[in-house]
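Pasting in a structure now, in structure tokens, and then I'll have a few things to ask.
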């Protein structure tokens, strides 16, 4: 598109990529992807409903878990619909405004999830390193303030990204590397002057996800030092076992994210299939696996879910007998 008028960019469309163009191949992806989305919805809604229904779970650790489930719901709902629309309806085209909106929500919920994982690391640090001060420091009121601060920080740093993109000039045909819109992927298709966008995008990445990861690692170094000072191996393993669920959440979230960021920044010759696999793993795995891990490893949640299933089973059997 000639010229640099930002109003021209708003009429553009992006074409989603990441899946094979053949209809037969698309159907093979569509069915498991739809099942995956339903599983993510079911798992996270179950965690939220259990925490809401059980008054004994209205505690800081479970409030943070509820926020993690809400972030997973937002992330999956921001990514899955365009993927399913692309596979079921063969609709690859997204308008410029829709693409920017999806990009904003994907990055917003990603940053919220990162910050919640950091807050949960702080929770584990207090519980293991300062158990006597835990209940006085991390109250429900303090946890609510932390959640509000997380949302405020995320919106504050993410809001400029869509507005900065509107000033760029894009080519008329822009095919993205993924079946959803990401900031590093979008600016690849802009004109030559993307220094401001790239610099600000890198600043957002380092000040949110990068800083969160650094503080999570620091928290676990302090936790590990405290655990090693415990006298018996049985007590060490018991203390470490309380962190297993959170460690799984950290690995599921940060490892694919780091790989994807490095690919976008430095992997010019990386095969497209590697981009697709890593991106899908980053955005699809946590919403599915986090509720499973926490349901299995957290006794109060597991007991509540089993109780709900047993009650439904008893009600159904009574209804059948009647």
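Note: Cβ is positioned from N, Cα and C throughout, glycine not excepted.
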Between 63-84, 129-150, I'd like to know which one TrEMBL lists as transmembrane segment.
63-84
Out of 27-51, 152-176, which range is noted as transmembrane segment by TrEMBL?
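Checked against TrEMBL: transmembrane segment maps to 27-51.
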Test of understanding: applying the rule of at least three C-beta pairs under 8 Å (pairs 6 or more apart in sequence), is the transmembrane segment (275-296) touching the transmembrane segment (27-51)?
yes
Considering only the recorded stretches 200-223, 243-263, 275-296, state which has the highest number of Cβ pairs under 8 Å to the transmembrane segment (63-84).
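Of the candidates 200-223, 243-263, 275-296, 275-296 scores highest.
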Counting only residues 6 or more past its boundaries, what in the same chain has a CB within less than 8 Å of a CB in the transmembrane segment (104-126)?
60-61, 64-65, 67-68, 71-72, 74-75, 78-79, 133-134, 137-138, 143, 146-147, 150-151, 153-155, 157-159, 161-162, 180-183, 204, 208-209, 212-213, 215-216, 219-220, 222-223, 242-243, 246, 249-250, 253-254, 257, 283, 286
